[in-house]
Amino acid sequence: MPKAHVRRCLLLLGAAGLASGRPVDEVESELRRMGRALGEAGVQCAATPTGLFVSLGPDEAAGFHAVGAPLRFDQSSGVSRIVDAVLAGGCDPDDAIERLDAVLAAAPLVPRWAAAAGLIPVSAGIGLILQPAPENLLAAVLCSVLVAVLIEVATRSRLALTLLPVVAAFTVGCAIFLAARADLLDGPLRTLLAPLAVLLPGALIVTGMSELAAGAMVAGTSRLVFGTVQLLLFSAGVLAAARVVGVPAGELANVRVEELGNWAAWVGLVLLGVGVCLNLSAPSAVLPYILALLALTFLAQSAGQEAYGAPFGGFAGGLTAALGAAVIRWRGGPPTLVVFLPSFWLLVPGSLGLIGTTQLATETGDGFATASGAIAVIVTIALGVLVGSALGRALSR
């Protein structure tokens, strides 16, 4: 088969894998394995979050392909099936490219309005886990509608997308803080995290940490820097809202209000799974796998926190989510990323970062303890994901 066709196939599939949000070291490893399956054992590649270089050997020409817009879950599933077919030797480069074009051009499984409405159960689910009180839950649901509208407006302009973190955090912050000032709810800082959780860069930060640990310094550093800037923008929006509303620093403490009992978290898990499937257009057959892994991750994180504190809970949750997703894939289930991402949102590393940066800026509590606590949890989640992913790769060999 022509080398140019093989190189183009690898470029397109690699760029699609990166657009699915996968770490660059995993994509590079997969490309080398696909190269061997296609008869090219000397594949060399260099991936970044925004682009990919591929050559079929040290003396061969290299090609470049930019990474496009993030893929939906149904598209990620389609890309994964094509990769599996190539690795199994049942798909030549031209057929793979044709199938990939069809996957990328496919219409979403749910209408656009339903995908936007999926933010409501996602926010409600995270709210039931983070701040299980009726008034806080109602505020989170109402603000999730506001966030959905802001996202819809922002998609029409690059400038609006850039400003979305600040605008969303400021708008939601004003609404939640005004409700708190009117004594309609307690614990406003944790409450506003639920509608903002889908925008927080938790996945970006932990993916960057795992890439650094795997030796992908350029990709890992760029994700960490970008994620940190995003967190600072969110924190600026929250702080601006607190200043405008006139919220005292004491009300920005990390206070948990628990009025609904232990059952609330389990209902929250179901709502989170259903909402993610709607919002990211996941196939309905994926939902049982997502819910099962959410439950396992929640149990592992809760047990770890109970035994040794939040950092160990983050490690246990990250390891369970990554390894469980790999086992599901190994047993013939959906692609790893599709079932992993909802469980990752459950670990809320982005929310922890926003709490930490907001409290640091307002000097709420012990600044060093706040910063080190948030960093420790994010690092241990990344470490758990890294160990779980390594165990999963060993299992699949």
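Any Cβ shown, glycine's included, is placed from N, Cα and C.
On a predicted model such as this, the values are computed, not experimentally measured, just so you know.
What TrEMBL records for this protein:
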- 10-244: domain 'Threonine/serine exporter-like N-terminal' (DOMAIN)
- 137-154: transmembrane segment (TRANSMEM)
- 161-180: transmembrane segment (TRANSMEM)
- 192-212: transmembrane segment (TRANSMEM)
- 224-243: transmembrane segment (TRANSMEM)
- 263-280: transmembrane segment (TRANSMEM)
- 287-304: transmembrane segment (TRANSMEM)
- 310-330: transmembrane segment (TRANSMEM)
- 337-356: transmembrane segment (TRANSMEM)
- 368-391: transmembrane segment (TRANSMEM)
Message = As a test of reading the model: what is the averaged pLDDT for the domain 'Threonine/serine exporter-like N-terminal' (10-244)?
response = 86
Remark   = Other same-chain positions with a Cβ less than 8 Å from the transmembrane segment (310-330) and lying at least 6 residues past its termini are 206, 289, 293, 296-298, 300-304, 336-337, 339-340, 343-344, 346-347, 349, 373, 376-389, 391-393, 395-396
Ask   = Where else in the chain does the transmembrane segment (263-280) make close Cβ contacts, counting only residues six or more beyond its ends and a cut-off under 8 Å?
value = 72-73, 110, 114-129, 132, 198, 286-287, 290-291, 294-295, 298, 341-342, 345-346
